[in-house]
């Protein structure tokens, strides 16, 4: 019974002592302990096992028990001490609270005493300073009254003097007096309710109005709208009148400026009327010469009359530009058919020179916001084409590949007058664009004629495989056009010029590059695509001559240069054109065209070497391999293949020295074409004896070594072949070697032969297996059981369609080739 009660007590105690993880974590942080007994996950069994790890340790059990009892006794003592200490805690707390409350009450009493004393002190200070404050207010009011009376006296006297001086046109004295009167009047704004003050204010406004009308009348008299200018220099009266106008309503100043400029340019409107000979573009110099003379005349006669901050000379020049732009636009619309490109460029050049003259002479401070927005200069460009204006001498000295790669010059400062007149020519720049279209068309025709007359680059010279000189000439001309057009406009005309550039880049690619690629022909006539793919039995394969190989390489190098330069051209055009039009600059199509030329050139080189090797592969498949009695040196067909490789590859490599990556592409494409074709012809070697298979294996190894050495064959400098190329050759030719090793293996026992086939050929399938059985000369009846065994032992492919697809791509069958040939022939006939 006692034991049950003890168990219940222990369970209740454990339930009470079961703490939440948060509480347990807080206890561990406040009272860190390394004692296992303090851990929340304490396990009594593990603790006992730690104390007594072995049976021998049980000998010390009494000592351990005594230590634990001693520890329990100490804990009990500590607990009793703590419990006793908590007996009087409640009473002590109540006593401390009462003491705190008493202290707070005493503090409140002291604060109240301090507040009462402060209020008494404040009242005492107010009583002492009451009389002093009244005296201070009286002094302030008296000072204000005296100041106001003085201002009133000054205002009344100033108004009287202002009216008298206005009548006598004493503008020099009026300028100083008026400003003072205006300043004094500002002090009386809050007194405008007083009739006398309001009356003085109205007299000042009336005097200002009278002054404005009087000054305008004086200027009208001195510079009448009709008739000639007043002889002699300006009077001091008008100079002082301008100082007064600076103080008056800004509209007075604007009216004076407007009338003076209008009178100053009246002669210009008469001299250069639309019906006058000097108004046309061929005499545009006279317009600018006239305004330059007028500016000199203004500085001599009227430079001191107007205040410097009015910038009258610049205002005259700006108004002249606006009038000239309007007049030129009007006359060009009327006589649009008479505008020729030389005349247009002449007028634009003279106009831009004049705008540059204005930028050097004036700051552009008088240009209004609207004018600046309308005539906003194009964004600064870092295009190296802007370093100077090209001349014929410079074009002759221009390097072939340096035109678009010159270092950038520092950005030139903006011209605030750019386009202020030349903007009127932009609607007529189509004449310039059409002229460039015609010139580029003639340039392309000249390139075609020169190529026919001079022929392709000669082999065994520095020219072999070099970039065609016509390519550099084309981009030099493009540079000239770009610089010229960017000086004329950076808006829509630049987009139109870009379209012209695109047109003739495509024409150059078609007429000069693609159009001059050699055609593959035979002695009997044209060579069709099928004849390139089919085997040549008894017919001589037409190879490209040395000159033709050099020409193909030269066209490839030229296309590569055009591709890189066109990409740079696109970047420079985007730098030149307005920001809003950048999205419309896109030469991707032209770059793709040059990429197509490069691919076509490489394909021609591959087809030529591939076709040259076809007769040798055909000879290999026609040999009687079952009659070979001993293994000797490499077979004649291997020697023939190696001979063709040694003839073509060094020529191609030397001519593509400047475009190494495309030579690597040629090697890769040839390997991808030759190796599957070699394996296809290998399957045609049937039946084959053991010795014949050994000879074929030797030949295959020889071809493998030659192909691995193909990038540097015949070269004095031995370079390691690119890893991508080596991987293709090793993978393809190793497959051919594995096929021959399977052929050489005995076909009995069947299980061993099938397992050996699966092991050696990772891309094994029943189709390849049957071809190997045909090479061994086995009968169909023998093959059926072996094929069935193979199907049973073949692992299931992850995707049958993908597996078979990849195998068919790697080793196309003759049936697949003939089917492909027929489709291509039908497509060609349909196109023709």
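Cβ from N, Cα, C; glycine included.
Annotation source Swiss-Prot lists coiled coil at 97-138. According to Swiss-Prot, the feature compositional bias 'Acidic residues' maps to 386-397. Swiss-Prot lists 398-412 with the feature compositional bias 'Basic and acidic residues'. What Swiss-Prot lists as compositional bias 'Low complexity' is 799-809. If you look up Swiss-Prot, you'll see 110, 360 marked as N6-acetyllysine. Residues annotated as phosphoserine in Swiss-Prot, with similarity to another entry given as evidence: 377, 580. Annotation comment: Swiss-Prot describes 391 as phosphothreonine, evidence class similarity to another entry. Marked as region 'Disordered' by Swiss-Prot: 373-412, 794-822.
What Swiss-Prot annotates, mapped onto the structure for a quick look.
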residue : record          : DSSP (3 states)
110     : N6-acetyllysine : helix
360     : N6-acetyllysine : helix
580     : phosphoserine   : helix
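Counting only same-chain residues 6+ beyond the ends of the coiled coil (97-138), none has a CB under 8 A from a CB of the stretch. Mean pLDDT for the coiled coil (97-138) in this predicted model: 85. The Cβ of residue 360 (N6-acetyllysine) has 8 other Cβ atoms within 10 Å, all protein chains considered. A Cα-Cα distance of 79 Å separates residue 110 (N6-acetyllysine) from residue 580 (phosphoserine).
For residue 360 (N6-acetyllysine) paired with residue 580 (phosphoserine), the C-alpha to C-alpha distance reads 29 Å.
Spatially close to residue 580 (phosphoserine) yet at least six residues away along the chain is no residue at all, judged by Cβ distances under 8 angstroms.
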